Amino acid sequence: MADPAPDLPPLREVIARHGLSASKALGQNFLFDEQLLDRIAAIPGDLQDRAVLEIGPGPGGLTRALLRAGARVTAIEMDSRCLPALAELGEAYPGQLRVMQGDALKMNHAELMGEPFAVLSNLPYNVGTALFVRWLGGEAWPPEWTSLTLMFQQEVAQRIVASPGSSAYGRLAVLAQWRGAAKLAMKVHRSAFTPPPKVMSAIVHVTPADMPGGVSARVLERVTEAAFGQRRKMLRQSLKGMPGAVDALDTLGIDPQRRAETLSVDEFVSLARALSC
Ligand code: SAM
């Protein structure tokens, strides 16, 4: 039988003892509700003995929940003030927590982990989208990560899971839904955070899809950038600057008078495939 979870001091006490006042510049909004944190850690399924990458553990609220669930956690934190609190957590769960100090945007996550891993994170909003695009937009596929469970501003989460025809549908939706199955797993009220952010949050869960060959992520990115860059215009206008794109619409039977937000993910992928050849 697994050892019982160690008795840890309340997170608020840890924060007070280590003087971890929330830094606006680092996008720090902390979660303290341990039941909520356990529910977040449960989203990817059973984590017992699984490798997990957590970005931005801060004082370690979500990290505790991941460790309680039996995960082997690698946590990347930029703020060196959080390291002593995280070290205490590592002592309470011997051999289960590795903490790296630095900017997650500057690290090679697959190399760091060296085995398949789940990503869980209450991401700093300012780096969240950049990491998301990087995890989904790499040319190498399938990725080393087995799932992404990420906190976003609710408006960004809705853009990731949006369907064609809605005003939220755009580049993020096409990328996420091409590369994976993306669902909105949980809404999180702003009052759950300390300090509360201005907007509501939501957690997106993505699992990687099998990829049909012959499509370059870079080309798909260029097509969606051009098409949604002028989303009110017809495709024949917005794609004019991409050599071969308007002819490819014709070959694929896609009416050039349509606008970007009416194209399905499959139609964008067909277009990118035609332009990758
Ligand atoms: N996970 C904690 C929680 O749920 O209470 C803290 C979340 S807070 C929104 C975001 C954390 O990410 C902060 O601790 C911040 O210092 C850290 N952070 C910000 N930018 C980072 C980056 N580029 N790389 C790694 N950590 C970063």
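Even glycines carry a Cβ here, placed using N, Cα and C.
Look at TrEMBL and you will find Asn29, Leu31, Gly56, Glu77, Asp103, Asn122 tagged as S-adenosyl-L-methionine binding site. Within the same chain, residues at least 6 positions away in sequence whose Cβ sits under 8 Å from that of Asp103 (S-adenosyl-L-methionine binding site) are Met78.
Among the features that TrEMBL reports, domain 'Ribosomal RNA adenine methylase transferase N-terminal' is placed at 36-210. Taken as a whole, the domain 'Ribosomal RNA adenine methylase transferase N-terminal' (36-210) shows an average pLDDT of 96 in this prediction.
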Open item on the list: Let me spell it out: for each of the binding-site residues (Asn29, Asn122), count the other Cβ atoms within 10 Å of that residue's Cβ, using every protein chain shown. Which one has the most?
Closed with: Asn122
Task: Least buried by Cβ count (within 10 Å) of the binding-site residues Leu31, Gly56, Glu77 - done: Leu31
